[in-house]
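The block underneath contains the structure these notes are about, expressed in structure tokens.
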Amino acid sequence: MKHVSAPPPVLDELLKTTALSKAIKFDLPITAPYHAPHLYTAENVNTILCGVDDVVATTIIPIVSSSTGTVVTSATFRDALRVAVEACLQLMIRSDLIAPGIASHVQHADGFAIRHIATAPDGLALAVQTALSQAGGRSQSGRVNAPDQNDTTSIPNALSTPRAKAKIAILSMSGRFPQAPSMEAFWHVLENGIDTHELALASRWNTRTHVGDLSLKELPKNTSGTGFGCWLHDAAQFDARYFNMSPREAPQVDPAQRLALLTATEALEQAGIVPGRTSSTQKDRVGVYFGSTSNDWMETNSAQNIDTYFIPGGNRAFIPGRINYHFKFSGPSYTIDTACSSSFTALHLACNALWKGEVDTAIVGGTNVLTNPDMTVGLDRGHFLSRTGNCSTFDDGADGYCRGEAVATLVLKRLDDAVADKDPVQACILAIATNHSAEAASITRPHVGAQQDLFASVLADAGVKHTDISYCEMHGTGTQAGDAGETTSVLQSLAPIEPPNAVRKQHQPLYIGAAKSNVGHGEAAAGVTSLAKVLLMLKKSTIPPHCGIKTKINHKLPDLPSRNTAIAMEAVSWPRPVNGKRQVLLNNFSAAGGNTALILEDAPEVPTLDVPDIRQCHLVAVSAKTPASLENNVKNMLAWLDEKSDASNLTLARLSYTSTARRIHHPHRVMINATSLDSVKASLRTALDLKKGSSRPKGTPRFVFAFTGQGAQYAGMGADLFAQFTGFRADISRYDQICRQLNFPPVRQLFEDPTTFCDATPTTLQLAMVCFQMALYRMWVTLGVTPSAVVGHSLGEYAALYAASVLTQADVINIVGSRAQLLEKHCEQGSHTMLAVRSNAEDLEAALGPSGLTYELSCHNGRESVVLGGTKSQIETIRPTLQRSRMSNRVLEVPYAYHTSQVEPILASLAAVARGVHFAKPAIPVISPAFGTVLTQSEDFGSDFIVKHCRNKVNMLGALQAARQMSLLDEKMMGIELGPEPVVIKMVKEVAGPAFQTFASSRKDEPALNILASALSAFYTAGTDVKWTAYHADFPSAQVVLELPAYAWDLKEYWIQYVNDWSLRKGDAPLVIERTTLEGTCIHKVVSNSLGVSGGELLVEADLSREDLHPMVQGHKVYGVPLCTPSVYADIALTIGEYAKQFSGEGSTKLGVEIANMNIQSALVATSDGKPQMLRTHASYDAKQKSLYCTFSTLDDAGKVKEQHSNCLIKLFDVEAARTALKSSAPAIKSRISILQLQLNEFGNTFRYSKAMIYKMVGQLADFDPKYRALEEITLDSDALEALGRVNFTKVSAEGKFHTNPAYIDALSQLGGFVMNGNEGVDLDKELFVNHGWASLKLLEAIDPTKTYTTHVKMTEGTDKLWTGDITILDGEAVVGVFGGVALQGVPKRLMSYIVHAASKRTNGVAPRTAGEPQTQRVTAPEVVSAVVKTTTKQLVTQAPVEDRSITTAISIISQESGVEAADLTDDTSFDDIGVDSLLGIMVSSRIRDELGIDVDSAAFLEVRTVGSFKTFLRGLTGTTEQFTTVTKTVTKEITPTELRESSFAQSAVAGDSFGVWTNVLAILAEESGIDVSDLTGDTYFSDIGVDSLLSLVVVSRLRDEFDLDLPEQSLFIDYPTVASLKARITGCTRSPSVFSDSDATTDVPSVFSPSLEVETTSEDFQPLAFSKKEALVAVAEVALTPLEKADPFMSIGLASYVESLQRHQPHGPYHLAGWSAGGVLAYAVAQELMATGEEIATLTLIDSPPPTDGLDRLPRRFFDHCSAVGIFGGEMSAINPSNKRAKLPEWLMPHFEATIELLHDYCAPPMPLTTNAPKKINLIWAGGCAFGGKYAPLPPASMVGEDTEGMKFLTEQRTDFGPDKWTDLFPGRHIDIDVVEGEHHFSMMRGKGAQQLGGFLRKTLGLLA
């Protein structure tokens, strides 16, 4: 049997040969080239052995060589290894010699036994056994298998520790602890001795109902005796988008699981773990181990409404499973439950897995989030819990533990792996063990003996003396017996008092402590919480104070001082010993009897590297998943750099290493290329200002690798890369070895010593060039940059073939070396040369052809770049002619004239060399200049290729153009030159386009590391996954992981509140429970309700026309207009507030509802026509403030907010506290009441008014409905404006369901209004006072309609005639309520009349138009005209300014109201000067709203202070600009109906069921995912928003059930990963009918024209475009695009609609298509779509259309603004729509422009194939002028660099080249007719004289002219 190895393609060919075709063969799992002497040299062997010392060693067991069969003799270990390495790499295995060799060696031994240990193949083993038996050996029975080797990708180094004895390194830790959302915050709690216990948070459960009264003999069912705990206040916060979780799923996921994700991610980040970066972080070698002991969330919270994610969200097995799933780890995941020791048990399992080699990295943690009150009740009833507060560890009064919450995660590796991977190490675990207290008196009690056994075990396993332990972190739950028992076991083990040699010396103190006294007992997370504390202690070198002893130390503890043991009552310094380590014992036990303990020690000290980092430029990366997180990450980095500027370990190189190689990178990216830390900070600030990284790359960029040709070499090329990069140096060394093996000159010296360059032969230089390029290729690939296509110039094409896997390295070197040697042998150096000329081939021929000069065209590099070749004399002869023709030229420094006849003598020999080469199929396309095309098949290569490559001219331009046409090259790609200088890549850019980014690999006189840094920075920000570890590999001093700021999460709260205390009633008989409801007389429907403990919103509505509410809202009539009183809003707010009390966490009886800041914004008039009139109330709950902000608005018929009338703030207040406060003010109020009553009997101005008199007194102001007349009498002091009233509700109807009847509220508040409108000093004919709301309404008890109440108020004047007063409400002597800050505004009577009647008109008449509201555009079909139509042509004579009617009317209103003549209201008139104050502003704005329908805020007159600025302001609202009138003379012309019909454009409106379906699909997606519809943009990835397989099932099921859409359940969101792709799929499923015009379907020449603007069909401007009766010009209006649809795929939506519309008019071709501007792009796309279906295109006309080779550039907003401002859109476009001259642009126009451009932005049109159904004639019509060439003001310069795009220049710059431009690339090989509309620009060519020229060109194209 023979073993044969070779490269796979070669081996395949070998096995196909006749000799081996029938041989028995099988593959071996060997994929490296072993036993290959042609590949390896002695130098390779020495490289492998370079780390092995040459130590003398004696061989104990003889080693028999597998190559010779003889015993290896070696004096040193290094020699023995050399023999082994040589046998592996260079020598053949001689199985036939092994067995005889062994037998020969042992044959002289006196009797020996043979025992087979199975380490070799059975055949070889049998041969050896047979040979030994023949030599006299005795066979022993049985077979011993070799030790089982666990698979691991870790390769231990010579100094590594055996795996089973390795220390376990803790790399990092992250956690959430009570009052500590981070590790640093946790240290703050510890070092300050903070006790974090408090009553249960309202988000957990209501302590008032769940904590029983301890004074009772027996606690109520399911209540506990304590409400204390240590809580995570931010447990609800989570970044769902980061973890691809939908807002629907996130609340259902247990907060413990969510926090485990957050902390695991933070821990991995701090550890610098990038999955897959090293062998120990391969995803299948990572395991996750978590301790968790309860399922609170799914038992209590999510179980209240079980949904799709109930199981994966709540089951604790998903805690580690979710981490594995998110990071795609495929190692084991375990959830461990051993009660209180769960997390330490998980840690134990993880350590065991590391020691056994089951995993190489372990993620370990514990979680404890308490939301189920039952667990607390059970623990309390089991006497576990303290009823007095926190864990009082070591306290004499300790009475149990306090439950605590925590989630923490740490990352572990074996120490050897961590050191090898340059990981940060915080501490090391030496040993960990677990046992059980089997002998304990109770299962829940620990056993001293068992714990002592455990401590002895871990100390022995760790090899640590008990006196070396300087600190013990106790379990320390806080019971007298438990603390005493644990302390006894610890001290007996660590600080015994006998025997004497075991006693601690004075310098060996032991400290004990427990974190539970600070943060409670974290139960399943208790162990990792203690570990977090100790890690912080090691980091801070401090033992924090113990805060558990509240009274005195537990008297049951052993005597501590006698054992040199102490409890730190204040912070104690704990420095690391010099040249030593601190060692700690941590103890953790379980209520179920388990005990776990571990030994921890300091991390090994990291040696300082003195090797400097020679790089000048360093790259610093910041990335995030969302723009918000990116911004905060940058800010955090800046703050960190400021804080750590003096840190000793902070260097720019280490910052670069940590932020690049040791971070997982996200889509939103910022990269800084800096030379100092200060420049990093400056660049980060710039990135913030410019919002860099706010948009994410749309994908990974594609690269073209360009390989330099001959002539660019220079001395020192690649020298710095050779010196600085090990991989590059190794590649060059390997190529040098191949060169020598193939008998070519060596090349390595050119990279080591640049001085050797001068003496190098052409062969050496050419070999060095291709070796350099191949090494560069491997360098880029190592860095993660791979090409999608390659191109090489001349010699560089060989390296390109290697990059494309066509040739091997050896084959490239063989061909290039042979070619060069043949040239040296057969061609004379220096006899020929080459000349680079700046010209195109045609002009060159024109210049040189007539002269008869001889030359050869060697290279066609670009449109204006060619290279000539010939003899030196030929070249010198033609140079003068070229200079006379102004063709710049340069002689190239080359020894031969390549690609000319000079090389012909070598072609036959070169072909012979090539025939021995294997050419493989290209792995990527090869853009081949040798053939001027793209090569993709193995058949494209061979010996013939090599010959033609040598002789043919280099047609670089043709090859690149071919690649462009095949879409293998475009300007969105990136290009890298692989060679000494960036030469070829410039040629690529010329064809690819100006946006094509180019990068060099090397430049003369520029450090290669700087070049590399610049390129990688660009690649990274474009989305490339750079292999940063390789980038930093050769710079060891940089490889230190810094503790950078944690990821800035984009946190939102997700919480399901436990409600209604249902846990208290488990097992009870069903009860009819009265729930707080919202519906009533003033609230008819709950639209939506998300109120909860953490916040939320509520939307309710009421129909004011409904019979139960309608009378209430017509209670006050002012000037005959029924107005709704604020009391209606108050009742709604009180109802909402009462409902919200259940979420406050307080008892409902304790809290009252306050209606604060009631602000009346506008009058609400109730209609009387019986039609529905909806009042909507929106309430937003602020959980922290316990308040709700409310707005009250009416809706229009479409359900949209029409007008907001009022707003207020609902507050929850403590009733008893408010009662106490009011009680203190009651005496003063009662005193004032008494004084008023006494004044009635004295001479003065105080009078009492009866009920009849009260309402009669204000009758001319307001008519009160009887139900609102509850004031029985008032006593009024007109001088003091003070009054008291008596209120009685016996005559007020009690019908209806209210919180507080609005009539009651209104009556109690009326006193203030009567004081202001009924005092003797008021003149109601001139002025009156209206209610503007109040500051506060508090009712301490419900209003009793059977009682009589007293009210008191005193009004005081404020500013601007606003009067306020506090109305106190008394029930007898008791104050039961107060209206604080009741506000009444003085208003002129006529203004009030305006306000009221304007409100009435808005409600009952035509509502005024709100400024800026989009207006519906009505498109009508052309009418059938039966009479002569007169058209007019207006000829310009003069222009004069004229004001818009709205402006003149507004000025007239100001004139009338102010009394100032309109003529005097000039632009510079100040409103202050003419007395326009806030009140007059209200009147003016009211009239403008009423008469003009323009909604002007009265506050505008306080901000806009002059008439001129007011006009500008008003124009902004109406969308108009200052206009000019045109004085014209009019010519009338009659047109017949036939002529009119023939000249008109028929509009087509695209409507479609598909978009309706899509809208519903969006709604389902939003509903099921919880994402707002507005966030479902086209580029949204479903995976990013958490649409997983479960949600996919739900969505697909609903689509099937509701819309009969049959979509794949499992793969829908895999096949269509973005919103845009799904929309294309959905809209493609459903039909999109179009309405087409009824134009003459029998016409001979149908054409399609695609205008971008609305065109009025009667416009004479377009008459020249009309054809004769038998010819129809049909317009298909563009698809009405909106911003929502702008990101959708073009082909699937807009294009389909065009084609459908066209084929409704004309089912089949031939078609004549035309389009103007972007419409030309659409016409081109429609043509291709029709051709694809087999339809024929007769003609295609493109009218001033930009070529869509690379999509259309976006136009900046300032372009549109400028066009509007100078009149292009207001003037030119009005000519297109003459009936609306100078009018405001349609609302749809700008969005349509922008959406069209956005639609076509990514449409890179493919070339049109040259098929039989392609257009027979292609016509391109350019506009001859430019709009900004004089007629209109030029566009001002951009304020930002890069804002002006090439696409904008198409419209803003005068065209000078009227050729086909880039359209020629889209019609390869086709002739394009070109016409120019002279004297017209882009926007005017479609009308008037432009249209006359255009019509002629169209007729010519259509063949309608003779």
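Cβ atoms are placed via backbone N, Cα and C, with glycine included.
These figures come from a predicted structure and were not determined experimentally.
Annotated features, as they stand in Swiss-Prot:
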- 137-158: region 'Disordered' (REGION)
- CYS340: active site, for beta-ketoacyl synthase activity (ACT_SITE)
- HIS475: active site, for beta-ketoacyl synthase activity (ACT_SITE)
- HIS521: active site, for beta-ketoacyl synthase activity (ACT_SITE)
- 1084-1393: domain 'PKS/mFAS DH' (DOMAIN)
- HIS1116: active site, proton acceptor (ACT_SITE)
- ASP1306: active site, proton donor (ACT_SITE)
- 1552-1630: domain 'Carrier 2' (DOMAIN)
- 1695-1893: region 'Thioesterase (TE) domain' (REGION)
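Features recorded in Swiss-Prot, as mapped to the structure shown.
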residue	record	CB count, 10 Å
CYS340	active site, for beta-ketoacyl synthase activity	29
HIS475	active site, for beta-ketoacyl synthase activity	31
HIS521	active site, for beta-ketoacyl synthase activity	31
HIS1116	active site, proton acceptor	19
ASP1306	active site, proton donor	28
Inter-residue C-alpha distance, the residue listed as 'active site, proton acceptor' and HIS475 (active site, for beta-ketoacyl synthase activity) (nearest angstrom): 72
Cα-nearest neighbour of the residue listed as 'active site, proton donor' within the listed active-site residues, CYS340, HIS475, HIS521: HIS521
Separation of alpha carbons, HIS475 (active site, for beta-ketoacyl synthase activity) and HIS521 (active site, for beta-ketoacyl synthase activity) (Å): 9
DSSP-derived structure type at HIS1116 (active site, proton acceptor), helix or strand or else coil: strand
Average model confidence [pLDDT] within the domain 'PKS/mFAS DH' (1084-1393): 88
Alpha-carbon spacing, CYS340 (active site, for beta-ketoacyl synthase activity) to HIS475 (active site, for beta-ketoacyl synthase activity), which is rounded to whole Å: 10
Secondary-structure category, per DSSP, in which CYS340 (active site, for beta-ketoacyl synthase activity) falls: strand
Assigned element (helix, strand, coil) containing the residue listed as 'active site, proton donor', judged by DSSP: helix
Three-state secondary structure, HIS475 (active site, for beta-ketoacyl synthase activity) (per DSSP): coil
DSSP three-state assignment for HIS521 (active site, for beta-ketoacyl synthase activity): strand
